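According to Swiss-Prot:
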type: BINDING; residues: 81, 123, 124, 491; note: Mg(2+) binding site
type: BINDING; residues: 122, 195; note: [2Fe-2S] cluster binding site
type: MOD_RES; residues: 124; note: N6-carboxylysine
type: ACT_SITE; residues: 517; note: active site, proton acceptor
C-alpha cells in the first residue's frame, strides 16, 4: 500500500518544525492525516486566457476541503504567445514550457503533495503542466480556463466571425483602410479565454480529454459560460476520490501514466489529426510521452496521419467555425464518437472519471446519448458581451449541430478530406521529419515546387515579405530558428500572416526549423529536423535552390545531388567554431536562453532537454 507522500512532513516527532509551519498556513491536527492536494493555478493579468483564473483555484480548493482533502494553491508563469509574437519576446515562449514543468515539480516535490489539480489554458501552460504530471506520476485532473468567444463584426453588410489572426492580417494589409483594421482589432478578441479557433491552446485542452486527464467538455465549453463552473467543482471532488483510490486502496489505475497510456496517446494524436489541430501539439505530445516514458515518436504520428481523415475544420482553416461551434456539435466527444464508429480508436482506455471510452461515448456523445443534461451542456453558447469574467453568461443555442453531413463535425462518409489535418514529411533536408497542417493548405498547392529565398531570422523574412522581395512561386526558408538555433523555436505567425496580407497565401510556401502558431494556415512547413544549429541540411540551402513539396506522398526534397550537398556540408564544417550558426544575424540572447539552448533537442524529439548531457 503506497504511503501518503505528505506524511513525510506531517507525521513523526522529527517533523515538528514542518507541522508548525503547516499550522501557520491554517492547518490543524485534524488535517495531518488528510491528503494534501496541490491546486496548480496559472492566473495572470498578462494573458486573456488566464485573466479570469484568479478565483477559480479557490472554487477547486473548497471542493477538495469538503471532500476530505487539504488544498494548497500555487501559481506558475504563463506567456501569451500572441503578445510575445513578432519580437524578441517569442524566444521565451517554448522555453517557458520547461520552466513551468520544472516549477510544478519543484513545488510539489518540495512540499510532498499527494495529488494535483492543474488549472491551465494557453499555449505552453497546458503542455508544461502535462509534462510535470507525467513526470511526477501522482493523481491529477486538468481543468482549463476554456475558449474565448469568437469575435464578430459587420463588414460589407455581413456579420462575420473573427479571431486574433484576422486582426493581424488586416493590420498588415495595405489595401485595408485604417477604419476597417481598427474595427477588426476591436472586435477580434471579445472575452476572456484561449483564442477562439483551433489554435494551440484549444488543441491541447482538447487533447487532455482524449488522454483521459480532463472531464468531458473541457476542451470546448466557453470560458464565459456558467456551465463551465461545474468542471471546476467536479475536479475538486473527483481528485480526492482518485487520491484515496491510489493511496488507500492501492489502485494504480488512478495514476496519470496508467490513464495516459500509449493507447491514449495514439487516441489523442488521432483526434488532433481529425480536428486539424495545431502543429505545436506534435511537439508537446512527443515531449509529454518522454516524461511518461512511453515510446511514442514521429514514426507513430506518421502512421496515424496516413489513415485518419479530417472530420472537423475550424478557424484558422475556415472562418465559418470556431470553438463555440465545435462545442455545439458535441465537442471532443462528438469527434471521438465519429472516430470510434470508423474503428480508428483504442477503446480500452479509461479517463479520470473511471469510464472506459465506450462508456464515456455512451454518456457524452451527442449522437447517441439519452442524457438531456449532457445535450443541454453542449448547447451552451456565446453571449456576445465583452467581459473578462468567467461563468458570466448562460446563453444556449436552440438546437445542437448534429448534421454530420454538412455541419462542423462530419462523419467518416462525409469527411472534409480522407487525409487528416496534419502530415509528417520526410526528405533530404528533413531526414527526421517536418510537420505541415494540411487542414490549412489549399488543394491547389498540395504539390509545390519553387526557388528558395533563404533567411536566417524571422525578422529578415518579414522585412522581405513586406518589402515585396518575396514573389509568387517562391519557397521562403527561415532557418536557425529551431530550439537551439533561435534559441527557443519561435512561432512564425507573422510571416505567414503577412504572406496572406500581400496576396501570397496560396502562391508561396514557407519552410522553417522553427514552428508555427496554431493560428497559421497556408503551405507552412515547420519543425524541420535536424535543425540548422544541429547540423541539419536546412543550413545548406542557398537562394535559388529548387525545393519540391509533395504532401500526398509525404515528401520534401532539396533538388540537389548528394555530391553537391556533401560539398556544401564540408564547406560549412570548414567554418570551425562558426559552423552551423547564422552568418549575419545580430541577436541578443540572455544567459537564461543560452542555458536552454545548451540542452535543447530538435523538434522531432519534442524540443525537450537532452538528458544524456546531464548523465540521464
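Glycine is treated like the rest: Cβ placed from N, Cα and C.
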Across all protein chains shown, the one of the binding-site residues 81, 123 with the most other Cβ atoms within 10 Å of its Cβ is 123
The sparsest Cβ environment within 10 Å, among the binding-site residues 122, 195, is found at 122
Cα of residue 124 (Mg(2+) binding site) to Cα of residue 195 ([2Fe-2S] cluster binding site), in Å and rounded, measures 14
Residue 517 (active site, proton acceptor) and residue 123 (Mg(2+) binding site), compared by Cα position, are separated in whole Å by 9
Same-chain shell around Mg(2+) excluding 81, 123, 124, 491, C-beta within 8 angstroms of the CB centroid, reads 79, 84, 93, 94, 122, 200, 201, 280, 517
If you measure between the CA atoms of residue 81 (Mg(2+) binding site) and residue 195 ([2Fe-2S] cluster binding site) and round to the nearest Å, you get 11
Mapped onto three states, the DSSP assignment of residue 517 (active site, proton acceptor) reads coil
Reduced DSSP state (H/G/I helix, E/B strand, rest coil) at residue 491 (Mg(2+) binding site) is strand
Students should find that the Cα atoms of residue 122 ([2Fe-2S] cluster binding site) and residue 491 (Mg(2+) binding site) sit apart, in Å rounded to an integer, by 15
